[in-house]
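Below: one structure, written as structure tokens.
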Amino acid sequence: MAPAQRCPLCRQTFFCGRGHVYSRKHQRQLKEALERLLPQVEAARKAIRAAQVERYVPEHERCCWCLCCGCEVREHLSHGNLTVLYGGLLEHLASPEHKKATNKFWWENKAEVQMKEKFLVTPQDYARFKKSMVKGLDSYEEKEDKVIKEMAAQIREVEQSRQEVVRSVLEPQAVPDPEEGSSAPRSWKGMNSQVASSLQQPSNLDLPPAPELDWMETGPSLTFIGHQDIPGVGNIHSGATPPWMIQDEEYIAGNQEIGPSYEEFLKEKEKQKLKKLPPDRVGANFDHSSRTSAGWLPSFGRVWNNGRRWQSRHQFKTEAAAMKKQSHTEKS
């Protein structure tokens, strides 16, 4: 028996030697694993001709699992606040260690030879990527400069509008002269000084006295109705019984029971028992309170107590005929 070997793709131990890599299950697992890695490799290959440079975000720290090397590889290449998309993955795919591990992986797992070139990056392609990365950095710097210029222009525009507002407020304005009735130009500074001096000096103007409020003015007086004391009803301050301690008249008149009586409870209990029985049973609608006569049962002859059966039968027929004849005569 061949020694036990562990397959990392199938995640199981086998004892068939090299024959396991040719099995259908192993080839299916190998194909699925390569297809999971292939979209990331294809996206990295597209970045060779046109490298993209973006501002760094925490999502750029994402890693992917290299199936050939058996290790994690960073997808993007970050430096400072800049990130080159798929720079880390392309650098790993172009390394000689990855090429050596890929050849070993393909030989051990007997993968398709046509797919091996998709997971390798030649030094020429990586050099082309470096050139496109330089162009991407230049274009990113141009975009950043353009954005900075636009922001600076917007800031200058806001600052200019603010200065215009301040200038329009501080401009000298014409203040009308109340003595001559004509308008004479005065400066804002002079007017401010005049207002300040007038505030400092005590005013000589005689202000009219404030009107004194007469609270005892004559007018329609209020009518005193008197103390509204209900006779016979006390107050808690006078030592009377609180309202919630006084018994109601209905309670005093008759001490009535709360809830149904015991007989009603038994009737209701019996009804609840009958509800559980099938509604289509025999005698479900029978009124037990109705009175029935003694002869309500159907008569099939006399009860056979003693003697012969035919004697009781003949006696019953004779009595029935006599009763029938008697009833017929009564009706006529």
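Keep in mind that glycine also has a Cβ here, set from the backbone N, Cα and C atoms.
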Which one of LYS25, LYS31, LYS143 shows up in Swiss-Prot with the note N6-acetyllysine? LYS31
Under Swiss-Prot, which of the candidate ranges 73-104, 137-168, 297-328 is annotated coiled coil? 137-168
Have a look around LYS31 (N6-acetyllysine) and count the other CB atoms within 10 A of its CB, chains all included. 14
By the DSSP assignment reduced to helix, strand and coil, which category contains LYS31 (N6-acetyllysine)? helix
